[in-house]
Amino acid sequence: MASSLAAQLSQIAAKSTNQLDLKAQRTAHSQSLIFDRKVASTQDFDTVYQICYEGFQELCQLDSRFTAFERTIFSEQSKAEDRTQLTAAQNKELDVALEAFLALVGGRLLLNPAVKAVEWLVRRFRIHEYNTSFTILTFLPYYTTPLFLNLLAILPEDLTPTFKVLIPYKKGSINPPRHPLVHSATTNKPFLAALNSYVLQVSRQQAHHHALLAFWAGIYTEAVAGMLDASRSGRREVEKQKHEDIVIRVLPILNDGFAMKNVSELVIGCYMVSVVLAQKASLQDKVLDGLMEAVAGSWTEETIESGLVCLAVLAQQKPETKLPRRALKAILRLDDVLKRLTEIATQYKTSHLLLGVVAGCLDDLPRQKDTARLDLLSRIFQNQLLGEPEMSKAMTLVLEATSSVHKDGAMSLDAQARLADLVQVFSQSESLQPTFQKTIAESSFDIAALEHNLQTVIDTAPAPRTVEDVEMEDVEKEEEQDNFSSAVESLSGEKLFKGSFLSTQSIPLFERLAQAFTLAVGSNEKCQTFSDLAALGKSEATKSPQYLSFFIRVFSGPYPMGTRATALNMITSFLTSTENTNLDFQALLPFLLVALTDASERVRREAAAALAAVGSLYKKNKKGEDVWARSNLYGQLKDIKWLPTRDAQKIFERAVLPSLEECIIDAAHIGRVLENTLRGVSVDANASELKKPLRLAFFTFLCSNAIELPLFTPKLGLLNILNRIDKAGGTTRTKELEPLLKTWRGFSEREVQDICEKERVPVSDVERQMVTIVTPKEKDAIMILLSNVSPHSESLRPSFIAAVFGRIKGIWARVAEDRQVVAAEQLFEISLGVSNLPLVNNCRDLLRSVQLPGSVLAQFLERIPVSLTDMEALGPAPKRRRTSQNNMIAMTVKDEAEFGKVMEKMTFILELVDSSSPETHPELADGLFQALAALHHFKSQIQSGMSYLLSLTLGSLLAIVNRSKESAKAQFDTSVIRADLVVDCVRTTESPQVQNAALLLVAGLSVIAPELVLHSVMPIFTFMGSSVLRKDDEYSVSVIDQTIDQVVPALIQSLRDQKRDVVSGTSELLLSFTAAFEHIPSHRRLRLFHALITKLGTQDFLFAVLAMLANRYAMDKDVLVLMTGLVSDASAPVELTTYSKFLGLVSDSLKPKPGISQVLLGIGSDDGREPQKVAVDLLRDLAYLFKHSSLKVKMAKTFASEDEEAIRQLRTIFSQILEQVLTIGDSVQSMKLVSQANGDVLAALFGTLTLVDFLDTIEVLLERPNDELRRKVLRLLEGRLRQNPERDSASQIRVLDFLPTLVDIIRNSADILLKHAAVACIDRIAEKYGKKDPSRVVSAAQVVASEACIGQTDDRIRIMGVLCLASMAETLGQVMIPALPEALSRSLALLELSLEEGKENSRLHDAVFSLFSALFVHIPYMISGPHLDKILLLSFKSANAEDCEDDSRQEALKMMARKVDMAATLGAVDRNWQYAVQAGPVATKETLEVVSLAVEKHPKSATGKNIGVLSSILFKAFDLRREQLALGANATFDAADVDEIEDALNDVTIKMIYKLNDTTFRPIFTKMLDWATSGLPKKDTQGSWARLTTFYKFLQVFFGTLQSIVTGYASYIIESVVSVLGKASPADKSTKALWLATMRLLRNAFEHDQDGMPVLPINPCLKLTITEFWQSPSHLNQISTPLINQLAHATNSSTAATVIAEAVPAITELAVAADSTDNHKELNTALMKFLRPSAGPNGKPAGGENPHTRLAALKAEQSLTEQLGEEWLALLPEMLPYISELMEDEDENVEREVRKWVKQIENVLGEKLDDMLT
């Protein structure tokens, strides 16, 4: 009971929100999405609200739905809301608002405003604690983002099992990957349920978003798939049960999802899940049907495609092909269903779905109201969407439906006809026939029954009938008999129909009769029964039209083939059996002729039989003229042009009957027969021609029937025949049939649709045949057609208008040109009407699509100037226009409307011209130029661009000009050309299209009429430069290329013809292009300028282009790249010639009266630049070209060839250029910048030469008296040698041969700068070529070391000379020895000079040390001791000089230490140590560095040999501390300097020890000990302490570095150390350093006493015997007490800190080294004396009177406990009394530390000391 109560109380405490628990409140308040905990904890709710409300306001601007929350969770009152104070109902209401907001904000969580807003929900309402599930699900789609990581950090630790998947990622502070979430959804039902519920809730709220639905769809689909996979089982029943359970869980979610049609992504996600279910679960048909209906009922326009894919997948899983009714209806309602299914079929299997659609189309055929489904069925087969097996199944479905259709009732005639046509397609199509034949062969269909049902013939062998088939057929016949009997019975009461069945379209009785006749077809008995019906009046058939007109209408109508053939057979039977042979049955002729064109051979055969029967009656006719149904065939008062009987007989006998056999075979034959008959040409050898009157009569007879016939199926067939005949017997088809056309025109669209639907003829076919009535041979054919649409177009059907214009278009080419002109005028006038009328649009389309003659186009063009003149007449008076701004025409609203019409008219005309292949009509050039003039004038008046019109005009002109260019002579009168207008188009328009067209036109005109164009051409190039050249499209590039290709050559030729200077004459052109450079796309610049220069002539114009570019852009990088590219394309002679002309231009620009430079560069003009600035830019660019072009390579290639003429030419031009450069140099010496630039050119020019040629040229130039020139060429040589000079043998020899010239300059020249340049050249030569022949360089070295060079007073020559000697030393090595004496003496003197006070020269100083470095490296043995002494002394002086750099000096000293003999180096150091110390810390450190390097870099043997001098140096250095101390205030080293130097000294000593063995080192050690302990008088206490300090510091390093192998050396120092411990104190400044050194020395000595371990000596030579040194009682007893007594120095906080830091570690290490219980007990006994403040047991003071001493002792105990652990605590019984006393100590620090020690002991022992201490 108690435990249960405790558990309840703990739960209550865990959930408690006690307001007094401030810590918990602060923790909760610091939970934040965007702020760090520390920051969040400092924020109040006002601050948080202000930040979050800003985000909320931004959200409201994004979506107004957020504003609803402004009154609730984001109100001012919300700041005071505390969930812990709200009631349960209030919290529930709050949860609703919070969840609604979270749902809405979920889609925007990656936006800062949304995160700020949610922050308020976290901080104020703590949604992460109270609405955890909803919050997690809101953030879950963003599980990969840092935001989700922030949420994880603030979620409660005790997450529910629903979200247990997140727990490890919350603990690890990492984002969860996708896989665990999918796995959780698969295995954790609550998680998946929560996710589904959340998604549906958000979607119902219309707050769904892509991130959520995409996440959910992916997770849910994978989860369902995973669940189904996991439920696989070897036992089918178990697996089925598990699958059913999963389906039961999933279907409600899908049902809810499908219900939300407007949430398209949710619906698509449900489709995905449905697909997974269908593919992975064995679903029952019921479930599949339900899913399919749900899918079909859920789709919208957005989801149709996905829905169809889903249906296709579901259908594939169905064993049956039948689709559920709702799904089928949804599919059939779709627009373009076949197109959609075709697109899907490329990626998914759709065969079952298509078979289901096929089955649905065939379902319940008798009850189908229309043929829409059968139409779809036909299209499925036509598009062949099914594979062969599925196609066979589909055909089987069609045949099954046809076979069983009578069971459900009679099929409509339309449906029967459609199915019959479809089966005919099966049997006749090349692609479908094999499959159909196979289907028939493999099935047991009764072909005869199928043919009977469809009233058609199936072209296949009937399968053998089985007994069962026969029985079935009997049953079917019985059922058919019942249907026929009932039909006949219903008609038996009908009286004779009053008129002809052809009199009107809609006759209900006829429909009933036709249905009954269809049932009778196939049975003679039934047909006989049917023909005896009273309604048909068979007995009165010769007198009244009912009987025959019925069968005429049937065989002429849209009925199955069998029905039509039987109807014809009935007529034939009647004709052959009639007794009245005097009747004229010519009324049958039009219908029978149409029947002969039927696609079915059977129908044609029956029609031929009927015609033969009529023909036989004519033969029997003796009386004639009694025409059957003459007055009432089509009703009363029909104007039929009946034929006289004998004429009819002639037609039959001469035209029709002879061709019947051919007509049976070929359906098109009768058309040819009638065409030839009516034209008077016989096609049959047995037939004879008809005379013209008879042909006329026959033609008018047929035409009148076509006009009067009310039925459109036979009318259409008759028209199809008649429309082959243009004329017959003096009349035309148009004349005869025009009434029919007018009648047809009068029908409304509804009437036409009704007519065509009833008779199943396409409207388009009828429209086309009607307008085909008008023949092109009719003189006014086009006008007749236009007359049928023009006056009353608004009331006409659009389809009729389209047909009329289609006919006009079709016959246009066959109409005479004069009639075309008239028609075109008419069409044009109509085209100017209201543009939205169908008639106007059709007229315009027609004019655009037909080939208009040139005369028509010319007339149209003449209208443009007239129209614009009329338009100007609408403007204000000329005076007012002149005074108005820009002469603009002011227009009223009415004027604007008129202006719009004029513009539309001009646009249409120019579009017609443009689309009529204007190149084939050169006569249009005049009109087009006039139109261009008018447009240009009008454009300037109205300030409008009119770009489109100009573009059309220019385009047409361009086409004409381009065609004209192909012929030798212009194809039009060139006097009409207006080049000025074309140029103005280029200049004044902003349209790129107009500009390009105008440029191309100028280019073309310059070819065919250059004299008319070139005077206007320059403005074009000016404009091109500012506009066209900057364009980067391919067309503009082509335009520019053509303009350059065609205009420039013509321009140059014109200038030459006029004997003008071509360069100055084209300056404007060049200026245009150079000015445009910066606007031309970078990748096109080179190609464009190259094309321009090539067309102009590279040799003549390249220099000008280069100069203009240089003048305008100076050293612009892009320009330089272009210039380099241009010159690199030229040959070497051309490039050099260009440079020569370029230099000539520079010279010209600097003249008082410039010539061509004024034209090209603007020198001397008002807006021109200063000549000097121009010259500088040109020369700098030229220097760049010399350096970076390929001239050097090209010249070398030429010189390497054997072409003497080419070589001579190059040398001549090069010499000329060199002379030009030198001449310019002489003339511009006073112009500093120009002179410098000219020098750069000279340098670059020389750079094009080989080194040998260069030196040859230099030798000549050095003979000139001009020192500036001589200096310049030597500097050029130095620069050339500094880079990568040639290394070939010839070059090397030539360079060395040049050395005497340079030596001579140094010896004899008074020009210091010239000498300097010569030395620099020698330096380069020695470095690059000295090793080739060192002996030739030595003489130069001697001169450099002489008075003539480094012996001069000028520092520049001195520095250069010393550096040169350094280079020579590196190159020549020992060969340089002859020059060494003088070089050393002078260089040392120069170094000393550079260090004199007030004359410091750092550059000279560095140069000398560089020389010494080189000498030390290459010939160290030549540096004597006195030289080394001098070098060291000067280096000491340099170390103290402020203006000197340290690097060169230090480098030289390092080289001395490394390379010079060790004895010489150490001897020099030993001799000069005192001077180093006098120089100060820096010099001393550097000297020690020399010693260190010498020891380190030389072998051990050298160290051993020089141990005496080395020891001398070390003892002098060790005494530095004492010496400085003795100097007192005069000391030059402070304590830090001494410490630093001693550290370096210790390092040197250790390095020395490494190279010694024990035998060698031990005496030195003992000598050091003696030196430190007894080397001074006893009175010199301070000196002794100083030496001991230095020595002990060394020992500290000694023991610390060499460790256990030198522990034995401690025996030498114990006595000294004990002595020091008794005297030195950390409290005494004079001995503190010594005391510290002692402590550290002992610590290192104790620390590395590693007894028992195998030890490898660092130096194999230093073999020392290792013993258990500090464990020995003699050693331990000697040192332990003095060491522990050091604790007594802890008398105040300062000394206590020092003792604890230094003495305690030493004591600890001693205890570790002692390593035995007895030793530890002895140490502890000594130590505990300092723990007791009172007197000991014997009454003597214990030593711990001072609390600081006790504290230090406690620290020692703590350290020992920590280091030794239980080993030390074996002495605990002895310690316990002391601990008890110390726990009662008066000093708080002591008491605190003893308690720490107690805890430390307890931790080691694992038990409490309480019992032991009591």
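Backbone N, Cα and C define each Cβ position, glycine as well.
Long-range contacts of the repeat 'HEAT 1' (583-620) within the same chain, counting only residues at least 6 positions beyond its ends with a Cβ under 8 Å from a Cβ of the stretch, are 457, 542, 548, 552, 555-556, 561-562, 564-565, 568-569, 571-572, 575-576, 626-630, 633, 642-643, 645, 648-649, 651-653, 656-657, 660-661, 663-665, 667-671, 674, 701-702, 705-706, 709, 714, 717-718, 720-721. The feature repeat 'HEAT 1' is assigned by Swiss-Prot to 583-620, with sequence analysis given as support.
For the transmembrane segment (942-962), the list of distant contacts is 886, 888-889, 899, 903, 906-907, 910-911, 913-914, 917-919, 921-922, 924-925, 928-929, 931-932, 935-936, 971-972, 982, 985, 989-991, 993-994, 997-998, 1000-1001, 1004-1005, 1008: same-chain residues at least six beyond its ends, Cβ to Cβ under 8 Å. Here Swiss-Prot flags 942-962 (among others) as transmembrane segment.
The annotation transmembrane segment is assigned in Swiss-Prot to 998-1018 (among others) on the grounds of sequence analysis.
According to Swiss-Prot, the feature repeat 'HEAT 2' maps to 1042-1079, an assignment based on sequence analysis.
Applying DSSP to the repeat 'HEAT 3' (1249-1286) sorts its residues as follows: 28 helix, 0 strand, 10 coil. What Swiss-Prot lists as repeat 'HEAT 3' is 1249-1286, and the listing cites sequence analysis.
Residues or ranges marked as repeat 'HEAT 4' by Swiss-Prot: 1293-1331. Here the repeat 'HEAT 4' (1293-1331) has long-range neighbours at 1251-1252, 1255, 1258-1259, 1262, 1267, 1270-1271, 1274-1275, 1277-1278, 1281-1282, 1285, 1337, 1339-1341, 1343-1344, 1348-1349, 1352, 1354, 1356-1357, 1360-1361, 1363-1364, 1367-1368, 1370-1372, meaning same-chain residues at least 6 beyond its ends whose C-beta is under 8 angstroms from one of its own.
Per-class residue totals from DSSP over the repeat 'HEAT 5' (1770-1807), listed helix then strand then coil: 29 helix, 0 strand, 9 coil. Annotation comment: Swiss-Prot describes 1770-1807 as repeat 'HEAT 5', evidence class sequence analysis.
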Revision key, fill the gap. Its residues classified by DSSP, the repeat 'HEAT 4' (1293-1331) shows 36 helix, 0 strand, 3 coil
Review point. When the repeat 'HEAT 1' (583-620) is classified with DSSP, how many of its residues are helical, how many are strand and how many are coil?
Key: 30 helix, 2 strand, 6 coil
